[in-house]
Structure formats: C-alpha cells, structure tokens
Amino acid sequence: MTAMTPVFPGSVDAAGQRATLGVLGGGQLGRMFVHAAQRLGYFTAVLEPDVHSPAGQVSHHHIQTGYDDPAGLAQLAHLCQAITTEFENVPAQALQTLALTRPVAPSAAVVGIAQDRVAEKAHFAACADLSGVTCAPYAVIETLAQRQAVQAERAELLPGILKTARMGYDGKGQVRVKTAEELAAAWAELGGVACVLEKMLPLTAECSVLVARGWDGQVVSFAPQRNVHVEGILAVTHAYAGNMPPTLAERAQAAAVAIAQHLGYVGVLCVEFFVVDDGSTHGGLIVNEMAPRPHNSGHYTMDACDASQFDLQVHTMAGLPLPQPRQHSPAIMLNLLGDVWFDASGQLQEPDWRSVLSLPGTHLHLYGKLEARAGRKMGHLTITGPDVASVKTVARRAAGLLGLPGLDDI
Ligand code: ATP
Ligand code: MG
C-alpha cells in the first residue's frame with residue numbers, strides 16, 4: 001500500500017465505529033504505544049495471549065488469543081482501522097493476513113527481514129552504497145557442512161559471537177566463541193539451528209537511531225543516542241548533544257534513514273550501530289541490527305522530546321502528518337531490570353522510590369509486570385534537566401540509590 005486515507009483520532013466511521021488502533025503483542029512497547037494512541041483520542045485494541053500483559057492492562061480492547069489465531073486476527077481487523085506490531089517475532093503471516101483488509105505498518109515483508117539475521121544482513125549489504133555502512137564480518141551457518149567450512153576457511157571470524165538467525169533478543173540465543181571447538185559446541189548448544197557467526201569487534205561505543213517514515217515516504221529521525229549494554233542487555237542511554245563525535249552522529253543518522261528508505265519502510269524503525277576503533281579520530285561505524293518498532297533506547301523521547309517514538313508510531317500507522325520531532329532537554333535513561341527488586345542476599349525488596357522520586361527531573365515508567373525476575377525489563381527511569389552536567393549528576397545519584405550498573409564512564 002503506498003497511500004492511505006488518514007484515520008483521525010476521535011472520528012467515527014460509517015458503521016458508527018470509533019477510530020481504533022490495534023497492536024500485535026502486549027509487552028511494554030505495546031503499553032507505551034497504547035498510552036500514546038489514547039492520549040491523542042484513539043480507542044485501542046491489543047492482541048496478546050497473556051491475561052496480565054502490560055499493554056492488555058491499559059487497552060480498551062484486549063483480545064486474548066495467540067498471534068496466529070484466525071479468530072483473534074479477524075476480531076482485531078474488525079475493531080481497528082490500522083494495525084501495528086510491538087515486537088519483531090510476531091509471525092509475519094499474521095501481519096500478512098491483517099494486511100488483506102487493513103493498513104498494517106510495518107509490513108509483513110520488512111518485519112520478515114528484521115526477524116531473520118541472515119535476511120537482515122543481506123539487506124544491509126544491498127544498501128551499503130546508499131547507507132555508507134557495512135555490518136561486522138560474518139558467515140551463515142545453517143548446515144553441518146557450512147559449520148565445517150567456516151571452521152576450516154574463516155579463521156578470521158574467531159573470536160566471534162554465534163547468534164541464532166531468528167528469535168534472539170537481549171543477548172539471548174548468542175554464544176561467544178574463541179576456538180573452532182567452542183564454535184562446534186556452541187552450535188550444538190543452540191540446537192543446530194540457522195545461525196550467523198559474527199566476528200567479535202573491539203567496540204568503543206554503541207549507538208542507535210530512530211527513524212519514522214510515513215505511507216507517503218516522508219521521513220523524520222532523531223539524533224543518535226549512545227547506548228551502554230551490560231551483559232548483552234541495554235543498561236543506559238545517553239541522549240544529548242555531544243554524546244558522541246558529531247561526524248559519527250551525522251553518518252549514523254543518514255545511514256539509518258537510507259536503510260529505512262531502501263526498505264520502503266512505513267512505521268518506526270530503530271537501527272543499532274557499533275562504533276569501532278579504525279584508527280581515525282572519530283572511529284568507524286558498523287551497522288549491527290534493526291528493530292521494526294520503537295526501541296528501548298528511544299524511551300527517553302517520551303520525556304525529552306516534543307513527540308515520542310510512540311507518538312510517531314501512531315502518526316505513521318494512522319497516516320497523520322509527520323512533523324520533525326524536537327528534543328527539548330538532555331536526557332539519560334536507566335533501564336530497570338528485575339534485579340533492582342532483590343537485595344544482595346537475593347531477598348525481594350521494594351526499590352527506594354521515595355529517594356529516587358525526590359530527585360529533580362526523574363520520570364519513572366513501570367510496565368505493570370506482576371513478577372520481578374533477574375534480567376526482566378520491569379521499567380525505566382529517564383532523567384531530564386536544564387543541562388548535561390545536572391542530568392549526569394542526578395543519573396549518578398539515581399543509579400547509586402537503585403544499585404544500577406553502566407554509569408562508570410560519565
Ligand atoms: P537486542 O535485541 O536487545 O538489541 P540482541 O539479542 O538482538 O539484542 P545484538 O544486538 O546482536 O543482540 O547483541 C547484543 C549486544 O552484544 C550488542 O549490543 C553488543 O554490546 C554485543 N555484541 C553483539 N555483536 C557483537 C560483535 N560482533 N562484536 C562485539 N560486541 C557485540
Ligand atoms: Mg541489539
């Protein structure tokens with residue numbers, strides 16, 4: 001679909017139905033999408049099997065079926081004038097079914113690319129001339145013969161990271177391997193499924209760029225945010241001018257836009273990059289992966305920008321105008337994993353919200369998850385302020401109070 005009739009909030013169609021936007025998936029990204037859509041005046045529908053899901057709790061409609069349940073999908077299409085997804089591992093077929101009768105953004109085709117590291121890397125290679133960036137050296141391992149060939153002929157990829165082609169997130173489905181023997185063991189450990197072996201790069205930094213593209217091809221984007229990961233999970237996002245060298249920031253932003261354009265993407269896309277020491281003063285840029293949806297590293301936009309990544313998701317899917325967003329405050333986002341709810345001896349504890357919330361410029365977002373578990377994303381805390389120095393000071397204090405890692409470098 002190249003154009004669509006806008007679905008304006010608060011409108012009522014010929015059948016008397018209120019403008020309703022739908023989302024596949026009920027996690028925290030779906031919840032924040034629902035909040036953004038409802039603030040504009042839309043009704044919302046969430047398709048998610050989990051009864052207690054973060055998004056289901058806050059939506060007008062919650063369809064409790066599997067993502068590929070024909071009756072559930074039919075109900076979602078019946079209720080909604082436009083539909084999006086909040087995670088890339090939704091069956092692409094579900095998006096395709098919905099697209100038969102409703103505008104769906106992003107499309108099944110682009111979600112299909114983003115959910116398969118092999119297809120994703122092929123896309124990055126196909127638009128490397130346009131984007132000016134390539135991905136880390138890698139090899140595809142789908143068969144025993146391919147694994148043996150890589151062991152025999154691609155020694156330069158070790159040490160490396162073996163990543164499952166599908167269903168990985170937050171560092172899951174990844175094994176770091178140093179030797180050919182470790183590679184063989186790791187592939188067996190991952191069940192012999194399709195994988196890519198990626199060369200381990202000496203990263204000096206990581207960043208990501210959020211792009212929003214409408215049905216009419218209009219594109220807006222945010223400046224790159226710098227991300228700090230701890231044990232493969234995002235811990236801290238730095239979002240302010242000077243968070244990385246300007247030359248790199250410009251290149252990353254342009255590359256992300258080119259990648260979205262080349263896909264004919266509609267919706268919000270997040271492109272993750274590595275910065276490596278290539279001997280130049282500003283470092284080299286490598287594209288890592290893309291998420292066909294808003295991203296954890298873009299949560300700061302809710303409190304630091306005049307339009308958030310979720311607002312843009314609503315605007316793109318509903319065919320609303322897409323003005324360039326503006327960041328009005330420097331920000332640091334701290335991820336709150338379930339670990340925060342446990343003390344050093346492993347006993348459950350209530351985080352010290354009284355102290356955290358007494359700090360100026362703190363914005364707490366909890367996702368309504370009933371049970372805290374180590375490594376589980378429970379919420380995030382964004383700190384905004386009048387200048388970068390005061391944001392850093394408050395972020396350090398908040399991290400100290402909550403025992404959060406990842407702030408050593410500020
Ligand atoms: P998410 O979906 O949460 O972004 P993921 O499970 O899809 O994560 P990746 O983004 O591929 O995983 O990797 C997670 C982290 O592991 C990266 O952000 C980076 O810190 C590290 N990492 C991944 N690949 C490499 C590499 N080739 N060299 C060095 N570090 C890497
Ligand atoms: Mg990643």
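Placement of Cβ uses the backbone N, Cα and C atoms for every residue, glycine included.
A TrEMBL annotation is a machine prediction, not a hand-curated record.
If you look up TrEMBL, you'll see R117, K163, 168-174, 198-201, E206, H229, 288-289 marked as ATP binding site. Positions annotated as domain 'ATP-grasp' by TrEMBL: 125-318.
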Close in space, distant in sequence - E198 (ATP binding site), Cβ under 8 Å, 6 or more apart: C135, A136, P137, Y138, L157, G160, I161, L162, K163
Residue with minimal Cβ packing [other Cβ atoms within 10 Å] among the binding-site residues R117, K172: K172
Whole-number mean of pLDDT values that fall within the domain 'ATP-grasp' (125-318): 94
Surrounding CB atoms that lie within 10 Å of the CB of Y169 (ATP binding site), all protein chains: 13
For E198 (ATP binding site): DSSP state (helix, strand, coil): strand
Proximal but sequence-remote residues of the same chain as N288 (ATP binding site) (Cβ under 8 Å, at least 6 apart): C135, A136, E206, E272, F273, F274
Listed binding-site residues adjacent to ligand 1, that is, members of R117, Y169, E198, N288 whose C-beta is under 6 A away: Y169, E198, N288
